[in-house]
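*Asks:* Supplied in structure tokens, the structure appears directly below.
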Amino acid sequence: MVTTRASSRAASVEPTSLFPQTPSTKRTKSSTSKRSSSSSTFAHAPTTTTLLWLAISLPLVIWDTGYVLLRPHSMPGGAWHYPLWAPYALYGEVDHIYGFKAFRAGNGFTAAQGFLNAVETLLYLWYLGAWYFSGRRSSSSAGRVVTGRAGARATLVGFSAAVMTLSKTILYWANEYYSGFDNIGHNPLNDLILLWIIPNGAWIVGSAYMVWSIGGDLVAGLDRASRSKSE
């Protein structure tokens, strides 16, 4: 009878009481937290179109900025005009804001625009440098990706530069409109389209695309951060 009662008491002990679930629960919460933190990490990679546009536009902007800020030496007859800035002999006749008319009148718009071009160029170079040197190769098709705080900073700088370019280019067009096309109104329509509208329109399209593309990453990053905090 003693043996029987001892066996009965041993059988009545539930197996689950010997293996508490608390450590498993902690591990589950920890792994969930890690997954949440990983999913909320900011990541950015410039698109192929963005890189292509910057590869084309940045050298041209540097060239243009040099011409503007080095006037009159970079203008026709100047010591540094030929051969580097020789094409501006024609463009200065198409758009007088780049020619002798505006320079002799002391029009400061051209130089102010050139100064902002220099600022934009530095921002774009910082953006590309942060992406290239701080980024890492991704296993996905995105290629090199810059993440975390460095990624957020690079994205903000790139977005700000693109907004500057878009705003400045629209201002450039608006200046002509509100001045009665004072600097370009003398051109035949075909020359105006080929030598002014298409080149300057490309900067509106390119910078607008960058605002949309990089801005989309900023919005997505903010959305992920807000979701992770609410969980």
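Numbers here mean position along the shown chain, with the first residue as 1.
Cβ coordinates come from backbone N, Cα and C, glycine included.
Relevant sequence annotations retrieved from TrEMBL are reproduced here:
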| type | residues | note |
| --- | --- | --- |
| COMPBIAS | 1-21 | compositional bias 'Polar residues' |
| COMPBIAS | 22-42 | compositional bias 'Low complexity' |
| REGION | 1-42 | region 'Disordered' |
| TRANSMEM | 42-63 | transmembrane segment |
| TRANSMEM | 114-133 | transmembrane segment |
| TRANSMEM | 154-173 | transmembrane segment |
| TRANSMEM | 193-220 | transmembrane segment |
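Distances, neighbours, how buried they are, the whole picture for these features please.
*Replies:* Cβ atoms under 8 Å from those of the transmembrane segment (114-133) belong to residues 44-46, 54, 58, 61-62, 64-65, 68-69, 144, 146, 150, 153-154, 157-158, 160-161, 164-165, 168 of the same chain, restricted to positions at least 6 beyond its ends.
Proximity of distant same-chain residues to the transmembrane segment (193-220), defined by a Cβ-Cβ separation under 8 Å and at least 6 residues beyond the stretch ends, is recorded for 44, 46-47, 49-50, 53, 57, 90-91, 94-95, 155-156, 158-159, 162-163, 165-166, 169-170, 172-173, 184, 187.
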